[in-house]
């Protein structure tokens, strides 16, 4: 029979006394939690352990004795330690002793009440009590007593240490009748700043909850459900980002306690993400309002818009000629070219009409950076969408005309084969056509086929321009999603205190000698950085196309529209 004794490394230098902990009979394991020093009164120790067991629901008891003698072992002390086994009555009674500066420990068991005592092989496992306590490999603290299935797992060791937190709240400076040695014996870990922040967070959260309830009530009002406002709210990525941050603030300010570790880490990640987002936004705002950069940006914006319009005019003039030596349908080419040139003329007039107000608009838009860098980036994306609205119109016109001809040619091709599309059954059925229908179909097919290259060229050019704008917006929203979803607190915790994010444990052999217990060191394996991002990644929303390459190529070939907004497409629980 193998007996496993989990001994905290913080107690290796403790004075002689008794070992208190939990005995897990299903595993034949003893989890040592603390050492009670001499002198003590056994009745007071039993009362103290009863109170701890009532609070923590952990069967804490006296498991054995601990002897740390720097001199030669005294016979009176050894006899006294053996007699303690009859007072506290635990089978088996574990005796661990450390003699002088020797690196080998002696560990033995006594079974006084057993009729057939067996010699047991003992494995002494050292563990860092602080890391085991603060790691999150153990189950949630509010779970009930474990069943037989859970008792066979290593998590029972972590659960025992985690649920015995009350036992670690006393240090050597307490004036109680019982002196303990554990990982907080020199003083309970605490911070005055943290405690003050905890006290100040209660009224701050109440005020923030009240303000957020007002804002959410306004957002859910019927006024925003009417057509113009509802359309803008669904199309502008700034509104989506504000709604997303509003949900984050509601999660942070909620007075509901986190039920498990994932909820706690989610709140912490959202809080750190908001702080960094606002800090970056304030840096951006301070940079914009220095040295009149807003005015310089407004003065640069109009010439850039004029230059883009001139380049589009030159492109249309090139398409109205013989682009790349291609033979185009001149009549259709001239009609499409003049139609698009007229739209560019309207766009230039619109830009120059707004030119006196652009600096004022940019000045007020710059103030939005105080809400966070992500809000400023979403506003930049919306500004790009508004400044390239004429390119979007060109793309829509070209795509609709190209799509009409593609579907017309497909329908007429089915007419030649004696087929038709059954709308009710959503399939292709056979059909007989008379001579007039075939003649008209031939004429229409010929016309559409010879006009297709001209339409396809315009569609191809404006689709490439549209894809360029979508790529720029996609890069901006990728940065927004990175700030929104990156678990910054978890990554910082993984970098500074990797044991807080445990993925498992490993054992290292410290010493092995015949006649001596095998000594192992239990170490915690932290999560990898990829695992941290995958486990604690925050939910976000998608503002750019996430179609596969095959789906995107199919849409481009058929002339279907590509939208830059696909909201609520990346929700996570």
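Glycine too: its Cβ is placed from the backbone N, Cα and C atoms.
TrEMBL lists transmembrane segment at one of the ranges 237-261, 437-461, 512-536, namely 437-461. Segment annotation: TrEMBL labels transmembrane segment over residues 270-289 (candidates 270-289, 290-309, 310-329). Count of Cβ pairs under 8 Å against the transmembrane segment (361-388): among 270-289, 335-354, 394-416, 467-492, the largest is for 270-289. Ranked by Cβ pairs under 8 Å to the transmembrane segment (394-416), the stretches 270-289, 335-354, 437-461, 467-492 are led by 437-461. The recorded stretches the transmembrane segment (270-289) and the transmembrane segment (467-492) share 3+ CB pairs below 8 A when only pairs 6 or more apart in sequence are counted, and are therefore in contact.
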